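For reference, the structure discussed in these notes is given below.
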Amino acid sequence: MAPKVSDSVEQLRAAGNQNFRNGQYGEASALYERALRLLQARGSADPEEESVLYSNRAACYLKDGNCTDCIKDCTSALALVPFSIKPLLRRASAYEALEKYALAYVDYKTVLQIDNSVASALEGINRITRALMDSLGPEWRLKLPPIPVVPVSAQKRWNSLPSDNHKETAKTKSKEATATKSRVPSAGDVERAKALKEEGNDLVKKGNHKKAIEKYSESLLCSSLESATYSNRALCHLVLKQYKEAVKDCTEALKLDGKNVKAFYRRAQAYKALKDYKSSLSDISSLLQIEPRNGPAQKLRQEVNQNMN
């Protein structure tokens, strides 16, 4: 039985959210429907509120297995506020459930253009890639629908929003570790990981470091045993001035290969940018023990020492 709530869009949405959390998806959907009718009857333009209501009702449909109506509501939500992460993820899940893998791939890929660390999108891309390779063969990418280019404004909007999705993003590294390190990769996983890493390397050569991070992340979901993939992703983080992420990736690389010179050098660079000069010098020292004549490391040591003086 739906709770009695007054005819306020905000209260109807809040009541719907509570029902959703309680697993009462039909009741939640009805409340979102009432809120939508009320909002539309007002005639006032509030596209963000309307988009959220469509997206929330889509989540109810998805939980109940009504993928067709989920897709319709997500599409309505995205028409009001393009490049919103939640409706993109929900529509991708619905497409995947209906085995419309190419369309699911496009939505997951669009999410990763907005935020390349959303764990559910990374995991979804990994699943869908396997399905597409199996069904369409090695040239499956040529058979995909066009993937929208996400404008910078949409990326900035997402980065500034204190939404629930950011809680997911904050947990991405641990989820990535769980998804990859909890199992031994198969031979097929290793091959896919290598292919994705090479795609990342090609993107780095073209100067597209953000896209390269996506490829390296997909590669690590297939197999987390390649030290070079972590250190390559660290390079991209350095270029994008994401220094803490660079430190994390170099640390993972060194856990796998304690003599990875590039990982030591890139972590030293990141520590220098973070003004952690002591840690930077420590990494440079470790590197020079492996390669005493490494010119870039010697130069970096001079720069760090100058900054300390």
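The backbone N, Cα and C atoms fix where each Cβ goes, glycine too.
Since this is a predicted model, take the numbers as computed values, not measurements.
Database features, via Swiss-Prot:
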type	residues	note
COMPBIAS	164-178	compositional bias 'Basic and acidic residues'
CROSSLNK	K197	SUMO2 cross-link
MOD_RES	S8	phosphoserine
MOD_RES	S160	phosphoserine
MOD_RES	S186	phosphoserine
REGION	158-189	region 'Disordered'
REPEAT	9-42	repeat 'TPR 1'
REPEAT	85-118	repeat 'TPR 3'
REPEAT	193-226	repeat 'TPR 4'
REPEAT	227-260	repeat 'TPR 5'
REPEAT	261-294	repeat 'TPR 6'
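Within the model, the repeat 'TPR 5' (227-260) shows a mean pLDDT value of 93, rounded to a whole number. Taking Cβ pairs closer than 8 Å, the repeat 'TPR 5' (227-260) reaches residues 173, 193, 197, 200-201, 204, 209-210, 212-213, 216-217, 219-220, 266-267, 269-271, 273-274, 290 in its own chain, all 6 or more past its ends. Residue counts for the repeat 'TPR 1' (9-42) under DSSP, split into helix (H, G, I), strand (E, B) and coil, are 31 helix, 0 strand, 3 coil.
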